[in-house]
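*Asks:* Got a structure for you, questions after.
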Amino acid sequence: MTVNTKTYSARAETHASPVAQRLFRLMESKKTNLCASIDVDTTKEFLELIDKLGPYVCLIKTHIDIINDFSYESTIEPLLELSRKHQFMIFEDRKFADIGNTVKKQYIGGVYKISSWADITNAHGVTGNGVVEGLKQGAKETTTDQEPRGLLMLAELSSVGSLAYGEYSQKTVEIAKSDKEFVIGFIAQRDMGGQEEGFDWIIMTPGVGLDDKGDGLGQQYRTVNEVVSTGTDIIIVGRGLFGKGRDPEVEGKRYRDAGWNAYLKKTGQL
């Protein structure tokens with residue numbers, strides 16, 4: 001499979017999605033392809049970590065339903081302020097997996113109102129094309145052209161024993177082909193193809209580590225160079241940035257530099 005070796009700025013020029021265009025330009029201007037996964041359970045720690053890591057990332061990935069003291073005013077509004085301060089985009093890792101009408105309601109409503117603040121979210125392909133259509137409708141109804149939204153499909157996972165591989169992954173790719181503008185890419189471990197058909201999917205990869213090989217709970221880690229050389233555009237790192245004994249600012253810079261150098265190498269700029 002051919003790995004995309006174009007620069008982020010070149011891809012921004014030709015991409016069908018306004019969200020992808022914005023993300024590529026942001027990555028190029030900040031010189032980072034790092035996404036920080038902030039899985040903590042209090043608003044205070046959540047915002048403090050994001051403020052420290054913000055300068056080094058292109059994306060902050062949230063699991064907003066983990067936060068015990070969540071409120072829109074105290075959690076989301078400060079998050080949006082930090083996104084403006086540090087110039088990053090927001091990815092809510094919701095993993096929608098229901099019929100179109102249900103995911104639309106989950107996306108736009110409830111206490112979280114995800115569509116109102118998350119630039120990007122994601123979904124499983126298990127329920128078919130309806131999940132894409134439902135989320136797209138939700139985005140259209142709650143946002144403007146000035147705040148476009150994008151969707152990632154879960155093609156592959158980094159956990160031991162994952163069922164997302166082989167035929168399942170290929171069928172998820174077929175679902176992604178149903179909407180060139182709203183579906184911007186995949187959560188995957190490698191390039192998912194599509195270039196020959198005019199698609200330019202962004203590949204975001206979790207389970208990336210510079211030090212650890214696993215966590216004892218099924219997570220497997222691969223190196224930055226390994227994932228970028230096989231097609232990853234954005235590396236997703238969580239505990240490697242702020243786990244026990246780790247300084248988020250030191251690790252943020254370390255992972256940012258490792259990811260960017262791997263990208264420069266892949267695109268022949270280094």
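Just so you know, glycine gets a Cβ as well, placed from its N, Cα and C.
Predicted, not measured: the structure shown is a model, and the values here were computed from it.
The substrate binding site annotation in Swiss-Prot covers Asp39, 61-63, 93-102, Tyr221, Arg239 and is backed by similarity to another entry. The active site, proton donor annotation in Swiss-Prot covers Lys95, and the record cites sequence analysis as its basis.
Surface or core, plus neighbours and distances: that's what I need for these features.
*Replies:* Less than 8 angstroms from the CB of Lys95 (substrate binding site) sit Asn122, Ala123, His124, Leu154, each of them six or more residues away in the same chain.
DSSP gives Lys95 (substrate binding site) a strand state.
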*Asks:* For Thr62 (substrate binding site), which of the three DSSP-derived states applies: helix, strand, or coil?
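*Replies:* Thr62 (substrate binding site) sits in a strand per DSSP.
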*Asks:* Quick check on the binding-site residues: of Ala97, Ile99, whose CB has the lowest count of neighbouring CB atoms inside 10 Å?
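*Replies:* The binding-site residues Ala97, Ile99 were compared, and Ile99 has the fewest Cβ atoms within 10 Å.
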*Asks:* Counting other Cβ atoms within 10 Å of each Cβ, which of the binding-site residues Asp39, Asp93 scores lowest?
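*Replies:* Selected from the binding-site residues Asp39, Asp93 on minimum Cβ neighbours within 10 Å: Asp39.
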